Amino acid sequence: MRRLRLVALAVAGTAALLLSGCASSTPTGTASSTTTTPAGSPSSSSLVSTGTLTVFAAASLKSTFTTLGEQFEKAHAGVDVTFSFAGSSDLATQIQNGAPADVFASADQANMTKVVDAGLTAAAPVPFATNVLTIVTPPGNPKGVATFADLAESGTALVVCAPQVPCGAATERVEKATGVTLTPVSEESSVTDVLTKVESGEADAGLVYVTDARGAAGKVTEVTFPESSGAVNTYPIAPLSGAAQPELAKDFAAYVAGPDGRAVLQAAGFGAP
Amino acid sequence: MSARAAQSSVAAHDRGLLVAAEVQVRGVSAQVHVAPGEVVALLGANGAGKSTLLGVAAGMLRPDRGRVELDGEVLLAVGSSGGSGAVPGGPMNRPVDLPPHRRGVALLAQEPLLFPHLSVLDNVAFGPRAAGASRRAARDAAARWLERVDLTHLADRRPGQLSGGQAQRVAVARALAAQPRALLLDEPMAALDVTAAPEVRQLLRRVLSEAQDGAGPGQPPQPPVLLVTHDPLDALALADRAVVLDAGHVVEEGPVREVLSQPRSAFAARLAELNLLAGTAAADGLRAESGPTVAGVLDPGCSAGDAAVAVFPPAAVAIHREHPATGVSSPRNTIPVLVSAVEPRGALVRVRGSVEADPASISPGNSGPGDSGPVDSGPVGHPAAAPVLAADITAASAADLDLVPGSRVWFAVKAAEVAVHAARR
Amino acid sequence: MLRSGQQRSAQQRAGLPGWAFAPAALGAAFVVLPLVAVVVKVDWAAFPALVTSDASLAALRLSLVTASCSTAVCLLLGVPLALVLARCSFPGLRLLRSLVLVPLVLPPVVGGIALLYTFGRQGLLGSSLEVLGLRIAFSTAAVVIAQAFVAMPFLVLSLEGALRGRGTRYEQVAATLGASPSIVLRRVTLPLVLPGLASGTVLAFARSLGEFGATLTFAGSLQGVTRTLPLEVYLQRESDARGAVALSLVLVVVAVVVIVVTRGRRTEGV
């Protein structure tokens, strides 16, 4: 076992060296970001707030957080915000395995709880947005889907998220609340896969988050349904204990949950927590 | 000759195998006809066009212009008919090109190419099976053919477990078991070692003469056989007639012994770098048709009374002005020869001359025309049948002996240097 | 110095320079360690329950069925294709060969998208199939199509190589013995390339079993219908990492068996 560990270390070390050598051109290194710090910024504030902030955020937050990141950089001279967008469970796993993240924004409570339970958060998670499901159809809604119950009709090829992922869990909650049993032709593992299948016309209808439907406006037709309020998804954000920039991480979390963040999120279709 | 052949092709070639082909990229334009039951040796150096003709006959190669007929049936007819070359296109409205499996032309190649996944028996049964025989009937036929090539005991072996000679003998059986209407042999002994080659040559001699007699089991009598070789021995042992190809064209054609012993073309002369004496095999040598008895070593496939040929290299010949003393340890042949040509060849001199029928007429001294240059003439003043022999000696010896065309000398060769091979009558 | 000298003399017998061994060992470890890591990570107590859950069994069953079907499709279409590529010559053959092998190097997701626009509802063929009442998308057939698309090049490549290596001489001899092309194919060509055909078939089956990207993009994911083992692993990873690891081990074992079988056949081959 000990020998095995040694070999593992050797391999990992070599691989890491090779990979880091290959990856040095991407602007994630702290060293490269400090060199880009404007020389004219006040030295007193730059000491506190200069550097790179790495934010792990749910894939559904991509457009809003990109905007928020730019705004945050403007407000904090010398700060460089980089993002890693992926499924919330992927991100939680990566953080648990020691990924260098400063802030985590999850699309659901469950994955945030995993990180909290692992003792990796620096402060209690704060809910900053909510999201609800909506129906999407190919442009023009050829099957004339009007209500949630219409989705259960046999002639309608419905695509949803699998129960294992947050949007699928939300779908199950709506099913339970309404008593409608859906028979999807496919249970995808991400919202994007659901959207793709509706956009391409393979599916007649899909269940995705409102914000995803807005993002695909023009390529899909959105059909809102009142029962969606039965499954409101809450997005929590928290600074992480392993943060290289603890203060900056707290600042960013507060910024997102504050009025500036609210404005951007609301514009994209997110609800208030 | 080609124009004549073209004109008379329909009449002369309605039986047997006619192969005529022109392949421009290979510079081949030649025609060969093999009569039923005849074995024709196609001689020539590498690239002379032998394999091209064979490929055209078998259907592996489509020539630019060409015609293949077998017993009157047209197997191939391609190209325009208006040409003036050696190849008759024939009057045709549409090209004919039968695929190999519909030609009834079997091919025995240099390598046995036995199917490695089949037993020896199933290899031989392949042809009958392909012709539609039941598995059992095909195996029965195959067993009979294996018996004929004395390999019954190897029936269950895989080809990988056979020696080269055994494998080639199985390949012979396999080719004949397919009951071909014509047989093509593509240097069948060339890839074999010195012990296996005579064995296979002997087998071919036997089965070909049997086929000629129509003695094979269920074998349609007298398939024409075209044998490609660069070895004069193969031609002597197996063929009736030789056709010599050079640079894609037929340069010489005639009975094998005539072509090899009295080559008219420079190419055939180069090809036959051996001295040949035809005759009948005796217990310890050969009784030559032209008179002298030559002591030699009999090939295993040759027994007394067989048609045979004695073969020895010119380098093994010594030349004497006077009749040499009889050897003490090994028997020596002394043959009276009238020198017809003396040709310098690098450090050596090639002396050519015809065998004299009557040793008593030998007289010392110069009686020739005194021409010192190389003379490539026939045996002047002698019967046309007198065989021509060659000897390679050093230039110094030639000078000592004062050899000129017309000199009467003795060619001496040790019996151990003379190989006596069975020949086709 | 003495030691290195001894080493050199020992390695000269192996015919390799000494410095080659360190990276070679590292390379081997690089491939083997992740496999070991999967084994180490497996929760053995829960393993039987994890791999025999309804979802896992359904995925395993579906994977075996679809991979078998796609291997059959590969054989049915790939063997003639390999024969044509190896034995024929016509203009555009080289281009055709390159195109046929494209799925080998294509990211599977791209393959899925390509299939979507071919067999999908609004795809090249899909719209015609729709008229005939055939719906490919979200069906098990779609999984088979996706698997065959990525697996066929393996079979074609392997078989074409075997055919070219064998040459045509045996086939020519068989033809002069009176065998028609069909008989030659059945009794000579195919038996001779059997080892290549076998390894190509096993590789195609393995590739089908491991297919993920194209299936996810093109066929969807539904338990018992389109959710094959790799898709199940991907999904279980979202909620239950232990289940994902357990199923991963199943796939690793299948992969090892496939390699051993292929290798064994190859060395034993005629």
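Heads up, the Cβ atoms here are built off N, Cα and C, so glycines get one too.
Sequence annotations record features per position, and here TrEMBL assigns signal peptide to A:1-25.
Per TrEMBL, the feature region 'Disordered' maps to A:24-47.
The DSSP secondary structure for A:Y209 (molybdate binding site) is strand. Cβ neighbour count for A:Y209 (molybdate binding site) (all protein chains, 10 Å cutoff from its Cβ): 26. As annotated by TrEMBL, molybdate binding site applies to A:S60, A:S88, A:V191, A:Y209.
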### Message
Can you name every residue in this chain, apart from A:S60, A:S88, A:V191, A:Y209, with its Cβ inside 8 Å of the center of the Cβ atoms of the recorded molybdate site?
### Response
A:A58, A:A59, A:L61, A:A107, A:N131, A:P166, A:C167, A:S190, A:V208, A:T211, A:D212, A:N233
### Query
When you look at A:S60, A:S88, A:V191, A:Y209, which the record names as binding molybdate, what is the longest CA to CA distance in angstrom?
15
### Task
Give me the non-local Cβ neighbours of A:V191 (molybdate binding site): same chain, 6+ apart in sequence, Cβ-Cβ under 8 Å, ordered along the sequence.
A:A59, A:S60, A:C161, A:C167, A:V208, A:Y209, A:D212
